[in-house]
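Beneath this line is the structure, given in structure tokens, with notes to follow.
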Amino acid sequence: MGAGDKTAAGMPRIGMGTAVQGPKADPIRRAVLRAIQIGYRHFDTAAHYETEAPIGEAAAEAVRSGAVASRDELFITSKLWCSDAHRDRVVPALRQTLRNLQMEYVDLYLVHWPVSMKPGRFKAPFTAEDFVPFDMRAVWEAMEECHRLGLAKAIGVANFSCKKLETLLSFATIPPTVNQVEVNPVWQQRKLREFCRGKGIQLCAYSPLGAKGTHWGSDAVMDAGVLQEIAASRGKSVAQVCLRWVYEQGDCLIVKSFDEARMRENLDVDGWELTEEERRRIAEIPQRKINLGKRYVSEHGPYKSLEELWDGEI
């Protein structure tokens, strides 16, 4: 397993995430450039992360320096933010993303959440008045237009339940290529993975280590006793055990570290595999979702409960 290992659709199995608190352009640019030099080829961003511009600068610098022969060697994912999840705002939003990236296309464009907000609502905290009903069909038709225009080589979604995917597939003329969701040993997504596999949708795991250090993250993954025991017995880090487990499920994974040693470690999970006994022990870890998406729930909004947001799949 390495940064160059790809899915059947050509998506590198390991991507570098860039969702950081209070993003600062220069450290991100330097980290992305170093990641390219180390071997990463997939970079995950979003309009909401405000990291598109430094990724674009790093990509251009990598081409100039010869670290990659051309932009085509990189796989760039970005996402449509909720305030642009309206039929007439999707294509303009992607065009702005491309200006930020200084690129002619993204490899993958995702609907960030199955949520719509009033235009201009970008930063939390959000109020009940910010939310409007999510017109899935209208938004997806505009996503399909992004693909037809050549602005996005592939389109997909993030944070969609089985039920929402079923609805989307009932009318999509271009089905989603990817569903990017939280996946880790504490939230294993067995039902969703099986559903996606049956529909030809690639599952992509964010927060495979539990997103410790983020506003919603948890120590639950890295502190799990089972994972610590397996790591100690195999001479691996807990992170390597987690990433290997996600990889063995057939998922793509997004890892985030700007520390070079960790960047290298996150790529280096090849040449070994978990035993059947280790897989069984991981399968028995009590399950709980970490990223609940509480900020998108309001008693006066379209989603009045977490049950409604996730269609009971929590």
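Every residue, even glycine, has its Cβ placed from backbone N, Cα and C.
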Of 1-22, 23-44, 45-66, 67-88, which range does Swiss-Prot call region 'Disordered'?
1-22
Are there any residues at least 6 positions away along the chain from His112 (substrate binding site) with a Cβ closer than 8 Å to its Cβ? List them or say none.
Ala46, Ala47, His48, Lys79, Leu80, Trp81, Cys82, Ala85, Ala158, Asn159
Which same-chain residues, if any, lie at least 6 apart from Glu260 (NADP(+) binding site) yet have Cβ under 8 Å of it:
Arg34, Ile38
Given the binding-site residues Asp44, Glu278, which one's Cβ is surrounded by the fewest other Cβ atoms within 10 Å?
Glu278
In sequence order, what residues of the same chain, 6+ apart, have a Cβ less than 8 Å from the Cβ of Tyr49 (active site, proton donor)?
Thr18, Ala19, Val20, Pro23
Just name the most isolated of the binding-site residues Gln180, Asn266, Thr275, going by other Cβ atoms within 10 Å of its Cβ.
Thr275
